[in-house]
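Structure record follows, encoded as structure tokens.
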Amino acid sequence: MKTIVILFVLALVFCTLEMGMVEAGFGCPFNQGKCHRHCRSIRRRGGYCDGFLKQRCVCYRK
């Protein structure tokens, strides 16, 4: 039982550290407007945050 608890705690700590190191792109996930403006700046119609936990900026096709 102790082994399972220790493994669970280590997995939780590892996941927490990994989540903190993720670099979100172009304002995602907290500033979808920044993603939209980025997409407009590269001559797309706009964009939105998508993917796991909305970490990726996706631009609309023309």
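Here the Cβ of each residue, glycine as well, is placed from N, Cα and C on the backbone.
Since we're looking at a predicted model, the values are computed, not measured.
The disulfide bond annotation in Swiss-Prot covers Cys28-Cys49, Cys35-Cys57, Cys39-Cys59. What Swiss-Prot records for 1-24 is signal peptide, and it gives sequence analysis as the kind of evidence.
Overlay of Swiss-Prot feature records on the structure.
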residue	record	CB count, 10 Å
Cys28	disulfide bond	22
Cys35	disulfide bond	25
Cys39	disulfide bond	19
Cys49	disulfide bond	22
Cys57	disulfide bond	23
Cys59	disulfide bond	18
Pop the Cα-Cα gap between Cys49 (disulfide bond) and Cys39 (disulfide bond) into the table, whole Å please.
11
DSSP secondary structure for Cys59 (disulfide bond), reduced to helix/strand/coil, please.
strand
Measuring Cα to Cα, tell me the gap between Cys59 (disulfide bond) and Cys28 (disulfide bond) in whole angstrom.
12
Where Cys28 (disulfide bond) and Cys35 (disulfide bond) are concerned, what is their Cα separation in Å, rounded?
7
I want to verify one value. Collapsing DSSP to three states, which class is Cys28 (disulfide bond)?
coil
